[in-house]
Structures are given as C-alpha cells and as structure tokens.
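As recorded in Swiss-Prot, the features of this protein are as follows:
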SIGNAL    1-25  signal peptide
TOPO_DOM  26-324  topological domain 'Lumenal'
CARBOHYD  Asn50  N-linked glycosylation site
CARBOHYD  Asn114  N-linked glycosylation site
CARBOHYD  Asn165  N-linked glycosylation site
CARBOHYD  Asn221  N-linked glycosylation site
DOMAIN    384-631  domain 'ABC transporter'
TOPO_DOM  482-793  topological domain 'Lumenal'
TOPO_DOM  850-877  topological domain 'Lumenal'
TOPO_DOM  931-937  topological domain 'Lumenal'
CARBOHYD  Asn935  N-linked glycosylation site
Amino acid sequence: MGSHRRYLYYSILSFLLLSCSVVLAKQDKTPFFEGTSSKNSRLTAQDKGNDTCPPCFNCMLPIFECKQFSECNSYTGRCECIEGFAGDDCSLPLCGGLSPDESGNKDRPIRAQNDTCHCDNGWGGINCDVCQEDFVCDAFMPDPSIKGTCYKNGMIVDKVFSGCNVTNEKILQILNGKIPQITFACDKPNQECNFQFWIDQLESFYCGLSDCAFEYDLEQNTSHYKCNDVQCKCVPDTVLCGAKGSIDISDFLTETIKGPGDFSCDLETRQCKFSEPSMNDLILTVFGDPYITLKCESGECVHYSEIPGYKSPSKDPTVSWQGKLVLALTAVMVLALFTFATFYISKSPLFRNGLGSSKSPIRLPDEDAVNNFLQNEDDTLATLSFENITYSVPSINSDGVEETVLNEISGIVKPGQILAIMGGSGAGKTTLLDILAMKRKTGHVSGSIKVNGISMDRKSFSKIIGFVDQDDFLLPTLTVFETVLNSALLRLPKALSFEAKKARVYKVLEELRIIDIKDRIIGNEFDRGISGGEKRRVSIACELVTSPLVLFLDEPTSGLDASNANNVIECLVRLSSDYNRTLVLSIHQPRSNIFYLFDKLVLLSKGEMVYSGNAKKVSEFLRNEGYICPDNYNIADYLIDITFEAGPQGKRRRIRNISDLEAGTDTNDIDNTIHQTTFTSSDGTTQREWAHLAAHRDEIRSLLRDEEDVEGTDGRRGATEIDLNTKLLHDKYKDSVYYAELSQEIEEVLSEGDEESNVLNGDLPTGQQSAGFLQQLSILNSRSFKNMYRNPKLLLGNYLLTILLSLFLGTLYYNVSNDISGFQNRMGLFFFILTYFGFVTFTGLSSFALERIIFIKERSNNYYSPLAYYISKIMSEVVPLRVVPPILLSLIVYPMTGLNMKDNAFFKCIGILILFNLGISLEILTIGIIFEDLNNSIILSVLVLLGSLLFSGLFINTKNITNVAFKYLKNFSVFYYAYESLLINEVKTLMLKERKYGLNIEVPGATILSTFGFVVQNLVFDIKILALFNVVFLIMGYLALKWIVVEQK
C-alpha cells in the first residue's frame, strides 16, 4: 500500500514539473470573479479512421455517463443536470444567471467553446450562479411585491453557491500563472454538495458529496460543512486528467477519494479550506500544506427574514405614544365635527327658540296682514272647468278590453265657490278628484281641464293648487306647529319674511281650531299623539297655509265627528268666499247643513254623471223627474240612495214600508218603494220610517243586493218603486235644461270676450318662487335631525351596539399575534366587522319605507325637489349612521387588538370602513327605493349581501375560479374590495412566524395574502373601486327616486 502511494506522489510531482516547463507566464494572483482572456481549447481525441456513425446519447448505455454525478432519467435516457451545467452529458457550463430574463425565459445560454462566461447584471462566478446584487433575487420570491436579498455571508440557508480561488502558494508557483479555482454548491434540504476544480476556467475534475451536515460556530463565526461520502471523477483529456503533456490522476480520484470531506470557512475573512484524508496526504507530501486553502465568495437568494440570526421584531403589546396621540386626535376631531353639525342645525328655522314652545306667547297676526297675504296683489283668480272627462283602465278578465271607470264627466267651479263630488262607494269620486288635480293615473284619461279657459301643463298647474289626501301622511315626531311651519317654509314665496310665514301658520291653526294643540306631537300607533280628527285638520292646514288658487280635498270630513266636520267645512267656506278661492272636494255623506254650503255639485253613480251643476237645484231636477226627497230627510243621504244600483242586471225590489223591515215582515210579499208622491200614513209615521231608513240604510242595501225583484201580493197602488237604474238618471240629466245650463256656463268661461265672468283679471302665478334648493336642504336637514333626536332609538341603538360589539371584539381578539393563527384571526375580525356593517344597513330599508308615502305626497304637492330630499337623507341619516360607527369601532378595536399602526394604517382602515359602509348602505337604499314592497326589498337585499359575501375572498379563492359564469362576479362584490384592502393594509408589511417541526418558520404576510388569491398591490385600486361604488349607487339611488318613486294612482 505504501509503494502504491509513493507511485502516485511521484506521478503527480512529475506532472507538475512538466507543467512548469511549458508555462510562459509568471505567477499572478487573480480574483475569482475577474474575467480571463484565455483561449485555451479542449483537446478531443478522435478516431479519424472510424467512419462508423456513433450511437445516439443514452445515459442508460454503459458507454455514456452523466457528468457532475447528475442523475440519469431511465425513461428518457437523458441526464438531469445539476444547476450550472447542460448538454447531453451535463459537461457544458451555463452562463447568464440563475434568474429568468425579463420575458420570463429560464433557458440559460451555454458557454461557447474556448471562451469565458459573460454573466448577466447582478450575477458572477465561472457558471454565473453566484448572486452579486439584491435585485436579482426578487425573481425567486413567491410574490412580485416581495423583495429578495442576496445573502453573501456564507452560512447556508437553503441552497448556496460559492466560487473560490486556490491560495496555496506552492500550487500557484508550480502552475506558473494558470489560475486554479473551485466552484462549490450545497443543497441543505437534500444534504448534498457538488465540487468542481477548474484551471483557467476549464473543468479538470468534479466531486459529489453526500450525507452532509451543516454546522455553525457562532462564537468563532465559522461554518463547517461535513460530508461523509465523497466521490470524484476526472473530465477526460483535461489538465491533470490525461491532457497532452499532463499526468492523469483519474484512478487516484476514483479509487482513493472516498471521504469524509470538510469545507470550513471563516465567515469574517472568507478564508476557507477543503480537506479530505487522501487529498490531504497528497497535498502535504507534494506541497507541504495540510489541505487546500481557498479565498471564497458565496451568494444565496433569500428573503431577509431567512437570514441566519435574523430576529423578527417582537410585537409591542401596548400602543405607542404616537398611536395614543393618533387615537386621541381622532376622537377630538369626531367630537368637534359633531358639535359643529349640532350648532349648524340649531340655526335652522325649525330649531329657533320660541317656535312652537308652549312657554312662548302666541302672537296672532293682524287681520289686515293676513288679508293682504291671502289676496294676490294682481287679484288673480282661477275658474276650473272640465269637459267630457273619461277614464278607462285595462280589464283584468278581458285581454285588450278597457273598462270605463268615468264616462264623460263635465263641470265648472268659479272663484268663491265650492264644488262637491258626491256618490256612493265606488262611484268614482276620488278618481275624478285625482284627474281634476292632474295626478298621474295608470289608465287612459281623455277630456279637457282648463283654468280660466286655458289648458295648463301638469307642472304649472301643480304650482297653483293644493291637495289634501284622504289619508293623513305626517311625520309622527314633529309637533302640529312644526308640521304646518314646515309646509309654509318650503312652499310659500321665499320673498316673504320668516315672521310673515310664521304669522300665517298661527292664523291657519286658529281658523281650524287646533291652536291649542300646536305643541303636541303628531304621534303614531306606537307613540300616542293627537287624535285622528286633529290629524285631518293638520293635513288641511298644511295646504291652507299656502293659500292655493284651487284647493282639492279628498274626503276632508272623513274621520271627524259632526262638530269638527262642520268646523272644517265652515273654514273652507270662509276661505272660498272671503278670499275668492276655488275649492273642489269629494265627500261621501255630509250633513244636510253642510250640503247646503256647497255651491256646485257633481253627482256620480258607477262612473256616470247623474247631475252636475248648481247644488241647490239638484232637488228641483229630481222633483221634475219624479224623485221627491221626503221631508226631514237628509238630502245628501237621499242623493246617495237614488244613485245606488241594485246589481249587474239592474234588478229592483219593492218594499211596502219601513216598519215591515223593522217588524221582520217577509219583504218578498210587499210592494212598496222608498220614493212616493202621496203617503197613506200620517206625517209622524212617515218621519219615523225615514229616520229608521237613514239609520239602517246599509241593511236595506244589502237586502236590495241579495233579493230578487218580487211583485207584491196585495196590489196596493199607494206604494211607489225605488228606481235604481243609473243609466236612466244619466240620460234624463243629459236631456234636461240643467245640463244645457252647465254647457252654456262652460262656454262662457272659455269665451275670451266674457268680461263679466271676472275670472281673467290677471295671469296665473305659476312662476312664483318658493324656497330655493339650499333653503329646502336646510329645512329638510333640520326636520330630519329633529325627527332623529326625538326618536333616537335607531341612532343611539346603532351607536350603543357598535360600542358593545367593539368591546366584545377587542376582548376576543385581544393583542392578536403575528403568526399564522394571528393572520387567521385578522381575517375573521375584518370579515365579521364588514358583515356587521353590511346587515345593519337594513335599517335603511324600514326607515325609507315609512318615509316613502310622505315623500310621494310632499313631492306631488311641490314641497321640495327630489334632489333636495335625497341629499338631505344622505346627510341626516346615512352619514350619522354609516360614518360615525366605523370611527367608534376603530377607536376601540385598534388599540385592544394591537392592529398595525404603521404607514397610516389606522386612518386607511377607517377610510376603507367608511367607504364600504356608505357603499353598501347606498346599495341597500337603492334597492329599497326601487322596490315599493318592504318584504321584497328585504329579500333582494339579503340575496345581494349573501352573493357579495360569497365572493369576498374568504369562502372561495377567487383566483381559482375557472367557470366563466362565476369568474368575474367578484368584480361586483363590495365586500371583496373592502375585505382585500383591509387585509392588505394590515398584513402587507407584517412578517408572520410559525413554530413547525421544531423550526421557526417566517412567512411574509404578503405571501399569505397571495395564497388566498388577494393581490397585494391592489390597495389603492381597491379604495378607488370602493369610491366608485359609492358614486354609482349614489347616482342610481337618485335616478330611482326621481323616476320610480312618483305618485301614480
């Protein structure tokens, strides 16, 4: 064995001496990364006499092998080369760099023969696999937003590449200028390394090291890579391995080098050594050195958190003084804004001291001032005439067939007169009143409506009229005085002073005898307020306060007792007669004394005009046609009775007398009628019978509707017949002189030459300016805020719930950690917050449902523009309920949970929550505006929110959705953009650590976000999209309010 070693030593020594004799250059120390201009060529032995085509490369064949100890793929017969080499047998060095180029191409160029590598910017080494700059490592990071680090300290993290210059002086002297170098790469997870020995950048031999352990001596600042198994091979026909004029150590490398191998470095000086027992013996014998000494440079692309010795900053369990200052300033700012808003609102007319206060004296206006106000300066009056008003609607049972509701109704009413529209239930009174007031109708309207003989458009007509609905739609939290004042401030000319408007309010309240309840709230079914009759008078007061030229009232006495009904009608009569106003009202069953206060009458039955003209002449007309109202019988009741129709067949029945019904007599055997010209009984009996008839009218009608027409058995001639044929009465009126008088009166009004009609004394005041837009907005805001603080349940409940929920969440997620479980907690926290704010917005549906009918009524009566109401609702309801809660929640949750306070993350979080809360509330409000039914709007809102939640990014990774039908649905989810932006704002800059398998694994928060399908760079983009959602739904809500929420009867 000793002789064998001596032989090897002598052989190597002879080779080194021979090499020294042919070297022309002198020894020179060359840095490892310095380029060389050597043009040495590899010597290749070719058998020129062999003309046979060589077999294709197949590493499975014994004549071929994979260099660098690369693995052979048994399926393809190709070598799977280690990093830095290519070619069929992995013998060709690669250049360029480890990272892909700008186009993403990872194919590295092969080094040209007899040339050196030209490395890409940021890479170095013989094979261009040692990083030099940090930026080249960005390509190896899991997300483009994460920056990589070129770690050059030499301690392996995952896979390190090193390049070394041999520094043994005797070896350098013997090579006489040729540069010996080593490339060394280790793979820590696989516990293996590879080693290449180069002379003038031409590979001579290589080694593979396995079963490696990687140790560090932190005290000495050294690293030790120990590999138990080492195997080496020569590259044929190279220096030291059979090149011409050189010795061949192939057998020595293959048979003698077995390991263990040790690669140790001083990490401060970068001085390294490579030792292996057999190789050490050779070096010691020949050169006198115990091992190969090296000067190395290494590089490994890692994330900064993976650098050995790196310690992630510990999470401060308490809020810093800067954070406390931010929280305090934010709280002060919110309080200041609230104070300013309160002060601004208190300056509104509805909030002035003394208005409507029970302690303030009531100063009624002077009579002259009121008269001057009620009477127009130009003495403009309005005569309303209408001809052949016909209204039809599509029939439910017949396709394409229209059902006539009103048929050719005509009439006229002049200033100072009251026109009453009467008839039984279903006669068409309210329909005719709506048409005369030019309300929007769903059916087809024909005929003409003129004021002073001139046709007017709906917009101009609405400015000179007032309309009192049959039902009372009033804000329940306002007082009587505030309700009427609200109408006055919004609708009276803005040129009038506030004192003049207030004086008019007091006067109207006095006229309607509700001045004593002026400080009582309206109330509703939950909060007791004024009575139903008082509400009716308040509704009338809201219209009377504007002193319209034409006032329409639908059942003004409905719900009032006899005394109050008489007071209301007398007030209307005074308004009509004293101030020459034109009044049109529908009324069902007035008292007789009220009936005789009417100037004009339109009597309807089943949509047909039975009479139209002077109210006092209706008895004369009926008497002429054989219908005589009994003495002491209410003429209004009598008119309803005679227009009552028995049924679709026009059936009639006969009644002998009222006492028969009272006594229970079988009316099928009686022949009598209500209307008779002579009476067989005494006057007292007759009076009692008619009194009984008035009290039991509905019972008699029921009998008339259900019984068959039966002829009496006694055949007495004293009884007369109840003629219920509406068509007959209609035809009789059309043929009467009264209809002719009506037609002539209408013609006179239409005639421009009629100077005595006194109805064309001035132009109609359609251009009168009421409150401007800003005035409307101020009044509506003050009204809404007053409504809010008098009924603070919704506002305070929202705030209280938000505070309690914030405390609960702060306690549950207290001091959330910076690890994977902390990331999960953050996801759950933000998702729950968004879900809470999302479903709380449902309160907007119920609040608008209560206001919808009030808005429709006030809009149709020209209180304000839809835009003023919409902006007022946003300012007075959406802002307090959707802006303040996110701020309160953030002020509590942020310090308790210890969320990220860096880079203004706190303010960004507040902004994101506010934008989301506003956006989702506007979306829900838009749905509530579009759908009139509250149940339908709630169902659709739930579906919208659930769909938005599904695509928020928590329940499904939106990047992995391949179905085209669902792939882009996240783009319509407000939750997705809010959720993504909140997570990015919180986690992007955090380093999350986790203890797994005994290792402290650190993962950038941005990496986890990318895993969940979120795009880390989208923070600003998401915020812009949230703002866009707000703008879109804000516009959609207004357009829906303007075009959908309109009065249509």
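Backbone N, Cα and C atoms are what each Cβ position is placed from, and that goes for glycine too.
Just so it is clear, the model here is predicted, and its values are computed rather than measured.
Only residues 6 or more beyond the boundaries of the topological domain 'Lumenal' (850-877), in the same chain, are considered here, and those with a CB under 8 A from a CB of the stretch are 439, 462-463, 466-467, 469, 473-475, 487, 490-491, 543, 770-771, 773, 776-777, 779-781, 784-785, 788, 844, 932, 1034, 1037-1038, 1041-1042, 1045-1047.
A Cβ distance under 8 Å defines the sequence-distant neighbours of the topological domain 'Lumenal' (931-937), meaning residues of its chain 6+ beyond its ends; these are 845-846, 849, 852.
Mean model confidence for the topological domain 'Lumenal' (850-877) is a pLDDT of 92. Fewest Cβ neighbours within 10 Å among the glycosylation sites Asn114, Asn221: this applies to Asn114. In the shown protein chains, 20 other C-beta atoms lie within 10 A of the C-beta of Asn165 (N-linked glycosylation site).
Note: the CA-CA distance between Asn221 (N-linked glycosylation site) and Asn165 (N-linked glycosylation site) rounds to 21 Å. Counting residues per DSSP class in helix, strand and coil order gives 4 helix, 0 strand, 3 coil for the topological domain 'Lumenal' (931-937). For Asn935 (N-linked glycosylation site), the number of other Cβ atoms no farther than 10 Å from its own Cβ, over all displayed protein chains, is 10.
Note: the Cα of Asn165 (N-linked glycosylation site) and the Cα of Asn935 (N-linked glycosylation site) are spaced 82 Å from each other. Per DSSP, the topological domain 'Lumenal' (850-877) is made up of 23 helix, 0 strand, 5 coil.
Each residue contributes its Cα atom, and for Asn935 (N-linked glycosylation site) and Asn114 (N-linked glycosylation site) those atoms are 84 Å apart.
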